[in-house]
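Asks: Questions regarding the structure given below will be posed in turn.
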């Protein structure tokens, strides 16, 4: 039986997310309630089907939604294929889960043609993926329309990088009206998934910073002169489960990405890490509750609604 504290937390999460939805940029919970009432069921089924055979898709879909929202806003532009599109940018070459979005879109076009945007499918799929990885659920405001522009260079220019300073990370989030707390919270999504050796090779044999005792472990996965393709869990020991161990790892100097490890050593971000860990003397934060709230805020970055944008017939191409 659920404890009273869990029930209170769940209620607080629901109320906060509903409030955020009301104040979103033209999106709202239940946008398709009359035009395509089975949308969430169809998307959830597509995610579940893939997750059953490949649990790594949870991290892939979460990361894909993040990468979409930080370039051109949450408009499904990362889904467009072709030469020079966002999908071809180096940070996006390892994205996983495009076929899940395509499967859901095919089913939705059969059920309610021309109604549900690819951007909304991606937002819903990211939520469902987190739930399957034992993470929280949240109400996803929908009503986004799809963008028509997808440029690889914009992904390179706008996505946070694995060696970014805290100043750079904060600026990229501030530019999207996201706070320092949002930065730490959303980066906590690295509790799921892996990073290629290529993203942190510079740390392995020219290391500067804390956590030197973690280096032998990383070097064993990524030996010198490796081709960079091998992958390492970003949350050591818990890469397929949504939890707070990612924050424990960066506290202990076991952050894989340099940008992640820096969150601990800077007071602006480190205070939020400590609050998620419930360290003595600080007002604690509940990661599951705050993650849902931050995802709703991120999901409203630069959205296209109304007559702005289109509803793609196929998610990988503009109409």
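Just so it is clear, glycine is given a Cβ too, placed from its N, Cα and C backbone atoms.
Note: TrEMBL annotation is automatic and uncurated.
Reproduced below are the annotations present in TrEMBL:
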- 68, 71, 73, 75, 77, 86: Ca(2+) 1 binding site (BINDING)
- 160: substrate binding site (BINDING)
- 190: heme b binding site (BINDING)
- 191, 235, 243: Ca(2+) 2 binding site (BINDING)
- 36-112: disulfide bond (DISULFID)
- 69-74: disulfide bond (DISULFID)
- 118-315: disulfide bond (DISULFID)
- 197-222: disulfide bond (DISULFID)
- 26-319: domain 'Plant heme peroxidase family profile' (DOMAIN)
- 63: site 'Transition state stabilizer' (SITE)
Asks: Should any of the recorded positions 36, 74, 118, 160, 222, 235 have a Cα within 10 Å of the Cα of residue 68 (Ca(2+) 1 binding site), which are they?
Replies: 74
Asks: Distance between residue 36 (disulfide bond) and residue 77 (Ca(2+) 1 binding site) at the Cα atoms, whole Å?
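Replies: Roughly 22 Å, rounded to the nearest whole number.
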Asks: Averaging the per-residue pLDDT over the domain 'Plant heme peroxidase family profile' (26-319), what integer do you get?
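Replies: Value for the domain 'Plant heme peroxidase family profile' (26-319), mean pLDDT as a whole number: 94.
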Asks: Quick check for you: of the recorded positions 63, 118, 160, 222, which have their Cα within 10 Å of the Cα of residue 75 (Ca(2+) 1 binding site)?
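Replies: Passing the 10 Å Cα cut: 118.
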Asks: Calculate the distance in Å between the alpha carbons (Cα) of residue 74 (disulfide bond) and residue 222 (disulfide bond), and round it to a whole number.
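Replies: Given the Cα positions, residue 74 (disulfide bond) is 34 Å from residue 222 (disulfide bond).
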Asks: Just checking: which of 112, 160, 190, 315 have a Cα that is within 10 Å of the Cα of residue 77 (Ca(2+) 1 binding site), counting only these recorded positions?
Replies: 315
Asks: Are there residues of the same chain, six or more positions away from residue 235 (Ca(2+) 2 binding site), whose CB falls under 8 angstroms from its CB, and which are they?
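Replies: Residues satisfying the criterion: 190, 191, 192, 243, 245, 246, 249.
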Asks: Just to confirm: which same-chain residues, 6+ apart in sequence, have a Cβ under 8 Å from the Cβ of residue 112 (disulfide bond)?
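Replies: Expected: 32, 35, 36, 38, 39.
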Asks: In the same chain, which residues outside the set 68, 71, 73, 75, 77, 86 have their CB within 8 A of the centroid of the CB atoms that define the Ca(2+) 1 site?
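Replies: So the additional residues around the site are 67, 69, 70, 72, 74, 76, 78, 147, 150, 302.
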Asks: Tell me the Cβ contacts of residue 86 (Ca(2+) 1 binding site) under 8 Å, same chain only and six or more apart in sequence, or just say none.
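Replies: Spatial neighbours, sequence-distant, of residue 86 (Ca(2+) 1 binding site): 67, 71, 77, 78, 80, 92, 150, 151, 152, 154, 155.
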Asks: Taking the Cβ of residue 69 (disulfide bond) as the reference point, list residues of the same chain whose Cβ is under 8 angstroms away and which are at least six residues distant in sequence.
Replies: 176, 298, 299, 301, 302
Asks: Quick one: Cα separation, residue 73 (Ca(2+) 1 binding site) versus residue 118 (disulfide bond), in Å?
Replies: 13
Asks: Consider the recorded positions 160, 222, 315 and say which one has the Cα lying nearest the Cα of residue 63 (site 'Transition state stabilizer').
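Replies: Looking at Cα distances from residue 63 (site 'Transition state stabilizer'), the smallest one goes to 160.
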Asks: Measuring CB to CB from residue 197 (disulfide bond), give everything in the same chain under 8 Å that is also at least six residues away in sequence.
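Replies: Listed in sequence order, they are 204, 221, 222, 226, 228, 229, 230, 231, 232.
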Asks: For residue 315 (disulfide bond) and the residue listed as 'substrate binding site', what Cα-Cα distance in Å is obtained after rounding to a whole number?
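Replies: Their Cα atoms are separated by 24 Å.
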